[in-house]
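Here is what TrEMBL says about this protein:
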- 79-143: domain 'UBR-type' (DOMAIN)
- 79-143: zinc finger (ZN_FING)
């Protein structure tokens with residue numbers, strides 16, 4: 001069974017397994033997934049880029065990368081961004097929204113906020129940092 005699944009298109013196979021696993025009687029989907037994973041993750045095969053591709057498609061349930069990211073983000077109800085970055089990362093600082101002069105925002109959070117007329121600057125991080133979006137200790141609630 002696993003051999004036939006391995007010969008099929010990864011995207012459609014992953015979508016098919018996802019649909020099977022959503023059924024009330026999902027025993028067939030569970031069996032197929034287990035056999036496929038036993039084959040793909042077989043330690044005797046060693047490091048295999050093909051196995052990694054299978055894992056990506058199976059985790060995403062056959063969805064493309066962007067759709068999978070949207071789905072994952074829909075489950076995130078955190079109020080803080082917390083993105084961590086390394087040196088040379090481009091970030092923003094808004095003095096109008098910030099309580100602390102060290103407050104930093106990643107580009108996504110900055111662009112999602114309305115900083116029209118604010119005193120802000122874009123900078124390249126020298127040592128790394130983290131996005132403070134949503135952190136009431138360093139940002140005004142209106143920020």
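Using the three backbone atoms N, Cα and C, a Cβ is placed for every residue, glycine included.
Just so you know, TrEMBL annotations are computer predictions that nobody has curated.
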Secondary structure content of the domain 'UBR-type' (79-143), with strand meaning DSSP E or B: 6 helix, 17 strand, 42 coil
Across the zinc finger (79-143), average pLDDT on the 0 to 100 scale: 93
